[in-house]
Structure formats: C-alpha cells, structure tokens
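Each remark here refers to the structure printed beneath this line.
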C-alpha cells in the first residue's frame, strides 16, 4: 500500500481513535507525516581513503552510511562488483569495513605483478535502500614492493688521475619505483655539476683526483623500504709518465669574448647554460697543442677564495663550455698546454648569466587537515633545477563545485602554508617555485577531502561524542520534537504562574521589622526594659535662674526649633538581643519614656543638712584658669554620687553593681567627668534693682541682707576608668584670687559645711566659703522672683554650641532636696572653675526661664558693690545650659498657671502638656525639675543605688511629696 492509499484510508475511516472517538484530521495527518518522516534515503557519512599495502598486515577501507531503513553496503573494484568468494583476499565486516589482505608472492617479479593486479585498483563503496542509492568517492589501493636483489651491482675500479670514472648500479624492482643515491665512505656523496653527476642510476666522475679514492655504495629506497648494494672500492693512481709541467714563457693567450649560447634552459638531467669562448694566441713560439678553460662562480664579489673548475677545450681558438648554472656570476680564463709544458693563464672575463624559471617543480607536496584549516608543505626542487635563486613559492587551490579557485604567494625560504577551510569539501593544491624570472613548473595536484563532523565521528571512533551531538541536533530539528517541547514549555510556564498567584494570595507581607524611627525604637526600648529610665530620679537636672511668668511666648518660636519631634529616616542601631542582667543600663533622657520612667531605689535618700559642714577636695586644674565659668551648664553639671548613704566607695560601688560604660544610639551617653567632685553655688537677686556683689573674703559670708537664692549641690560620680585612690590622691586647689579677702566674724556668715564622702576612703576636707542670708525666704519667693536684667542678652546660638558638650550630668535627688532646703535662708556657695575657659555669650531664654550670662553677672556684681546690704557673695556663676528642645518649649505652655500661684492647676497644665510629641529628650527632664523645685515639692526615689536591675521590671509610680 502506497503513501497516498494510506492517507485515503485514514480520511475514509474518519480518524477513529483508540477509544472510538474521532480525532481531528490535522492531528491525524501530523502523526502520519511524522511516521513517514522517519524514512530517509541513504547518505555516505565516511568515504574510503587511499591505502597502501605494506608489511604483512591487511589494509582497511572504511565506509559508513546513514538512512532509514538501514542501507546495504557493497564494494566495487574498478567499477565492477567485488567478489567475496576469496576471503583470503577480501573480507567485508558487518559495519561495512573492507579488509584487503596481501597475496603471497612467488619470488619472481612477473608472477608477483600478476598476483597483485587482482587486488590493486580503485575501490568504491555503494549504499542503497528502498529510497535510493549513494556512491562514495573512489579510493586507490597500492602495494609497496621492493625486492632484495640489485640488478646491477657496482664494481671495484682503479682510475688514473685526470681520467673519467663511471660506477654503474641497477636497483631492484619495486613499486613505487625506488630512487637511487650514492654513498662514499658511509656518508652521502655530494654531487657537483661538471665533476660528479648521476646519469640514470650510474655515478660519473669527469676528472678523477686523488681525493676520489674511497668506498662507494648504491642505495635504493621506496615506500616498502630501502636496499643497499655491495661496496665498491675505487682507487685513483698517478700515471707512470706523470712529470711536472714546463712553463711556456713565449706563448701569450688573450681571452677576447665569452658569449651565452642557449638563453633558454635545457630540460633534462643536465640542465644548464653553455657559453662560447674566443681567445687569441700571440708570441714567437708555435701554437699550443691544447687549451683548458678555467671558471668559477662568484656568489659574493668579496669572495675570492673559491676553487677554479678546469674543462679541456676541443678547439684551438674558440670552444664551447657547458656545466654552468643560471643566475650566477662567473669568471672565465684560458690556459695553453703542450704535452708536459703549459703556458701562462689568459686574462679573466666576467659573465653574469640571467635567471630562468625553475625547470623542476617542488617535491614532496603534502596536505594535512588542521583545526579549521589545511596545512600545505613541500620541499624545494633539486639544486641543479633552480635556474637562479629561489625567491618564493606560488600555491594554487584548484576550484571545484563547492570551493572557488584561489592562489597564495609564499616569500622567502618558507616551505609551508596554512589555508583557512571555511567549509568541508575537496581541496586540491599545486605548488611552483619562483625565481627572478617567474614561477616555474607546478607540481602535480595533491587533493585532500575535509569531511563533516558526522562523517569524521563515524569514521573515527574516538570522535563518537561529536557525532552523537550531530545526531541530537538532527533529532531536535524534527517537527514532532519541536511541538512536544513547545507543549512542555507552555505547561511549565502555566505551573509557575499558578504558584506565583497562590503565593501572592496567601503570602504574608513582611513589615519594616526592627527598622524603626529614632523616637519609636527609643519608646519600644523603654517599654521592653524600663528599669534604665528614671522618673524624677537621681538623673534629674535642676535648673535655676530668673523666670518671667508674665510672658506667654513659646520657647520653640524664640529659638526657631520645630516643636514637633522629627521622625528621621535613620535606622536604629539598638540591639534587641536579651541583655545580661549583670550589665546595667544607663539612663536615657533623650526620649519621653526615658525621661518619665524612674529607677527604683532601695531606700529613700537622706537630704543633706545645710548646717553640716561641707568640705570637698577639688582637682588642681579647677584653679588653673581665670574664667569663673564652667564648660557645661550649672544646671546640667556632672552627676553626683547616687546615694550619700552608700557604704562603698564610688568606684567600688560601681564595680559591685557591674556598672559598665555603655553607649546607646540616640541616647544619653555615659559621662566621664574630668573632676571627681564639683560644688556649684550661685545666688540670684529677688529684685531687679539689686545685683550681686563680690564676697569680701573666701571664708565669710556677707552680713547684709540678700535675697533668697537657690544653691545647687552636685557631686560627680566616680569615673569608670579611674579608681578611687587616684581621685583621693589629688590635692585641694588653692582658693581663687577673686574669693580671697578678710574673713568675716559673723557667726551666721560662717556657713562652711563638711560633707562626708560616701566612700571608705574619704577625701581630705577643706573649708570653703559659704554665704548665709540674714533674711530667709521661701522657695516660691526665691524662684518666682523677677528675672535678672542680664537674662535677655544670652543668644540661642551660644547655647546651641554648648549643647554639643557631653561632659554634663544631672542632679541627684539629694542635691535637689538640698537646693530646696537651702533656698529658705542658708546658702552654701562653692567654688568650681571650668577647665576650659569660654567666652561670655548672650543668655538663653527657656520660655519663662532665663539664665544670665557671665557679662550680665559681672555687671550685676559691679552694680551690687555699692549696695552691700542687699546682695550676697557670688562665688561660682552658673554654667550655660544647652539649647532647649521642643519639649521644653512646649513646657512653657503650662507655665501660666504657675504665675498665678495656682499650684494644682499648674501641675495639671504641666502634665497635660507633656505628651510624646515633644518629650523626646532629656531637656524636658531638666525643665520639669525646675518646675517641681519652684513649687517646693520634694522628690524621694525608692532606691538609692545607681545600678539598673530587672530587665522586665515595671516602672515605679510617681510620688509627689
């Protein structure tokens, strides 16, 4: 049934499927055409190559073909089917390889030639199936034969000096025809034109010389091997009548002309030009009996040492001279001779022979495939056929049906060329030598077939991998494979789309995680561990200064600060890992929660009594500067000791609690003070017309009546990097010159206090001058006094620059309480000098709170000098506070109630205005402490130590006393 009948039957049947359903007609046709596409006509993949029978092993001729159904392979010899009846000569393997065995020989050349002719010839491979037949190209089988016996052996010869010598040699029969070479004394004999030449297979010596004596041997060589003849002994003897030549002095020879006879090169075994010599004889003597021509080639004009070649001339006045080479410069001269006598040489003439094209092609031209190229190599033609100097070679690539013709020129003595092979096919090359006259005779064409990858892999089993790749490529080109791949790809994309859809539908979007704003992570930190944030604890900073309760302007509007807490985009650096309970947390006053959450105390602190004498040793560098101003604000000075009732020294207490120097991002850093202790005291007048005056003496207080003042006591905690012994070893600095004077004898003015340091090794005590007001005033009176006249001169820019200092701390509850108690009437002035002098700057206005500048205080002091009954002694002016934050500005909104002496309403207004939007740093804690101090409330924390314990402890409740 043909293909058309099958299609008709399929259409008539309606495309019934396996399940009895009708399939679409195009799908049925696709399957039918796919099945038919499997059948293909035969195609030769591996062509047979030329083989040479040599040795005892068989020769192999390979032939591979593809097709569906699998084609049948048969071999043809010289166009006739090869008979496989004699397996000893021909054997066909299952894969199509033909084995050719060497037939046995009988020793006679004629019989051997007849036997070998039965297997020698051109072999062709033929592959056929029901779709067609494919024929490979022909491959020639040759047999290399070289018999053992020489037909003519050289014989021993004895020659006389000056005579010619001939050694004959007949090489053995062989195929290919063997070449003959002569050896003398075990070395190749060097041939010289005109002296030693090879004619046929015989060696000819024109004029025998003594150095020609030796052992000569003839050697025959072909592909089958080489054969050596017997050694022949050649002896050169002197003639019996040999005598010295006599000089003919009376004869003179004049060489007149040297003429080239044959301008065209002569093809043959003796190529070379010939010249005609003409000379003239003069002299009284009779003419000479014979003449000899002497010539030599002059390759270099500076070369004068080459030997002369002698040739006997036949004529008496002219003669023909041969044995020359084209393209050489020769020197010629003639010598007369008569028997044993000879005359002087004639003059020398020069003749330049022109170059001719080489008379022989290059030898041993071969082709071999490379990596995408074809390598052509050859050997130069024989020296006698150069006909000049070889200047290069011309290479021709013969064109065919698939490749165009091309040619290349190789310059110099290079004897190989690489030709790029752009496509597979047959490459045939010819090579010719080039001289100054042009290209010579080209060589016979040499061909090379470049096969495709599939053919090479099938012929060479080692390249089976590349052939498999070609098969895979051909398979992937089939339509059914392409259709199946497209369907699989579509299904894969559909599955990926479904997975992505389901994941997006059920997926959980991750939030920003721990990357929060600065204020948010601070609040979250205090919620997680609020034991490190005090609520009106020993980290509160007291504030003092004149307050203006009549103004209602906002602090933020004065300082140009946005009252809102800016939420910057910086990511928090807070570590959320659980912290060790042994590592305490430092107070954070930069946020709302850090300012409101108080640390628990083990016992309520004890307020120091104003009557208690205070003596503290100050470092020497406090007195080394003349500036009375400290480097930080007096209200926010260095932190004092946590509890005056601690049994341990400051450094030991910190070590006992494992207090470490920890710095939290965007939190208050741990302050390292440069002084172990600081005592600040300053007094502010209650009336605008009264100012402070200088003290008459360092140890006396003014007996005059002075307004109520706020005295702030501060004691700096132990430094983390210094032990208590180092701090205790520092001497007490001398009293500043501005504080020295006549001591006062007023008992009420002797207000020197001696404080006991909370350490096992107390510091040496030294008396300090203390001011004692003769007229005590209430806390409200002292704090609600009229602001100082110099408080309006402090600028916010100077305060902003002071805010960058990190050497400030806060007041302890004891200091706040002491400040409140001393404000009634007893004032404890202290002396502290900043290690770094700072220029005076305008005052800063905290809404209703203002601080006088150094210049203002100085003016007040000068003005108060004349009114000694109203002012006290100002030992240490206050330090400037940093620039207020929006929280402090917002605090001013609740100050109006306090100005009307309505304490409950002021507290309510103050607390209600303290929201999280502006309570974001420690400045609000300072301002709130001022407000609490002004109302006269005392703060008693429940725990006196400074170590923050309990990571998840709840914050203590607020206590207002």
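The first residue you see is number 1, and the count goes up from there.
Glycine residues also receive a Cβ, built from the backbone N, Cα and C atoms like all the rest.
It should be emphasised that the depicted structure is a prediction, and the values quoted were computed from it without experimental measurement.
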Original post:
To which of the residue ranges 544-563, 564-583, 644-663 does Swiss-Prot assign the term region 'Disordered'?
Top reply: 544-563
Original post:
What range among 600-634, 670-704, 845-879, 880-914 does Swiss-Prot record as region 'Disordered'?
Top reply: 600-634
Subject >> Annotated N-linked glycosylation site residue, as Swiss-Prot has it, among 371, 666 >> reply: 371
Original post:
Quick one: what's DSSP say for residue 400 (N-linked glycosylation site), helix, strand or coil?
Top reply: coil
Original post:
How long is the line from the C-alpha of residue 400 (N-linked glycosylation site) to the C-alpha of residue 407 (N-linked glycosylation site), rounded to the nearest angstrom?
Top reply: 14
**OP:** For residue 371 (N-linked glycosylation site), identify the closest of the glycosylation sites 211, 257, 407, judging by Cα separation.
**Re:** 407
Original post:
Using a 10 Å radius around each Cβ and counting other Cβ atoms from all shown chains, which of the glycosylation sites 211, 257, 371, 407 yields the largest count?
Top reply: 257
Subject >> Around the Cβ of residue 400 (N-linked glycosylation site), the count of other Cβ atoms that are within 10 Å >> reply: 13
Original post:
Using Cα coordinates, what distance in whole Å links residue 257 (N-linked glycosylation site) and residue 211 (N-linked glycosylation site)?
Top reply: 34
Original post:
Rounded to the nearest angstrom, how far is the Cα of residue 211 (N-linked glycosylation site) from the Cα of residue 407 (N-linked glycosylation site)?
Top reply: 48
